[in-house]
Amino acid sequence: MSICIIGSGIIGLSTALAIQEKEPRAKVTLVAESFSPDVTSDVAAGYWRPSLLVDPRTDVLWRWGELTFQHIERLAYREPDTGALWQSGYEMRQDSVKEDFFWKDTVRNYRNISERELQNMGFSQFKSAIFYTTLALEGSIYLPRMLDQFKRNSGTLQQKRLENLDDIGGSYNAIGNCSGLGAHHLITDTSVYPIRGQTIRVQAPHIKHFYVFDDDYYVLQNGTSIVLGGTHQEHDWDTSVRPADFDHIWNGNTNFLPALKTAKIIKQATGLRPGRPTVRLEAERRAVCGKTKTVVHNYGHSGSGLTLFYGCALDAADLLQQAVHRPNAKL
Ligand SMILES: Cc1cc2nc3c(=O)[nH]c(=O)nc-3n(C[C@H](O)[C@H](O)[C@H](O)COP(=O)(O)OP(=O)(O)OC[C@H]3O[C@@H](n4cnc5c(N)ncnc54)[C@H](O)[C@@H]3O)c2cc1C
């Protein structure tokens, strides 16, 4: 039995590993134009926090997120060299809207911060805030580990840009489409659009918490560095690092958190999040290379790929397993 997974970001790699685990005898090939460190999943600070999702199915998102949180928690305790770490910090708002987040019981130590506490902390320009403890999984550390595991499980890699699904060639029993934003062109899904994010990576060991200031700026801890953001420019395909965005991110964050002014800048990056009205995770029967095959789609995770990947990979692997064992079953 042979399965092809398209895409080597967090979604493709986790789907490939999940199907290898379920079907150890399957021949799994991972086809991708780019691999770590050159995919969007490498740019992310990797915080577990549903973000920039417009998908109204909060019960489905909650389940995928919960399974992913549990997975990262296991990594943090058992395999800390995966880049999985606990992080605590604040999200502050200049208005006093208190949102009832569907994910607030998944994270730990979630609590509202009073205006008085904010004033004592020197953040009197903010009217409301929450504090919580979550997990962060640094993509640029975890992705190479997943790739190694995939190869150890006898997986095959193929570096190739596909213009359409027929380009995969071969006689695969089933296909996993984890092409992220690439689905826009690969299968002409024009509902997938870029949400551009530029970041500045700095070293500032004296800063011990994460901070999110309204929807505009963030200071997110990783193991040995901190990621400053953030832009979320919709329908913007530009992957260059723009000086104007650097100024916006740097000035905004240092204005709210002056302790950052002495931070050492180590890297700048841009990534295009795969925005979509809903995450697409479903099986579709369609013609590929002249034959009707099952394609399991798993893409469109927007700003939350590292928050949802594990739960999504388990569901995608179930669908792939059904496709190879019962290829003619009604979907
Ligand atoms: C600045 C920034 C910060 C972020 N922070 C977080 C965060 O803190 N927490 C969080 O959960 N998420 C975060 N995200 C979002 C997260 O990075 C994405 O949701 C995630 O990376 C999407 O993963 P993916 O595997 O679908 O896509 P990608 O990582 O983009 O991988 C897509 C893969 O498909 C391949 N591909 C595409 N088209 C083709 C084709 N035609 N032929 C062959 N191969 C193809 C690519 O080469 C690549 O291998 C952030 C994103 C950005 C930009």
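In case you wondered, yes, glycine gets a Cβ from its N, Cα and C as well.
Those TrEMBL annotations? Automatic predictions, nothing curated.
Keep in mind that this is a model prediction, so the values were computed, not measured.
Checking the candidates Gly182, Gly300, Gly303 against TrEMBL: the one annotated together with Tyr218, Arg273 at the D-dopa site is Gly303. A Cβ within 8 Å of the Cβ centre of Tyr218, Arg273, Gly303, the residues given for D-dopa, is found for these other residues of the same chain: Ala44, Ser51, Leu52, Ile195, Gly197, Gly229, Gly230, His232, Ser302. Ranking the binding-site residues Thr40, Ser41 by C-beta neighbours within 10 Å puts Ser41 at the top.
Candidate binding-site residues: Thr40, Tyr218, Gly303. Those with a Cβ under 6 Å from ligand 1, in sequence order, are Thr40, Gly303. The record assigns Tyr218, Arg273, Gly303 to the D-dopa binding site, and the maximum Cα to Cα distance across that set is 16 Å. Mean predicted confidence for the domain 'FAD dependent oxidoreductase' (3-319): the pLDDT average there is 96. Long-range Cβ neighbours of Gly303 (D-dopa binding site) (same chain, at least 6 residues apart, Cβ-Cβ under 8 Å): Ser51, Leu52, Leu53, Ile195, Gly197, His232, Arg273.
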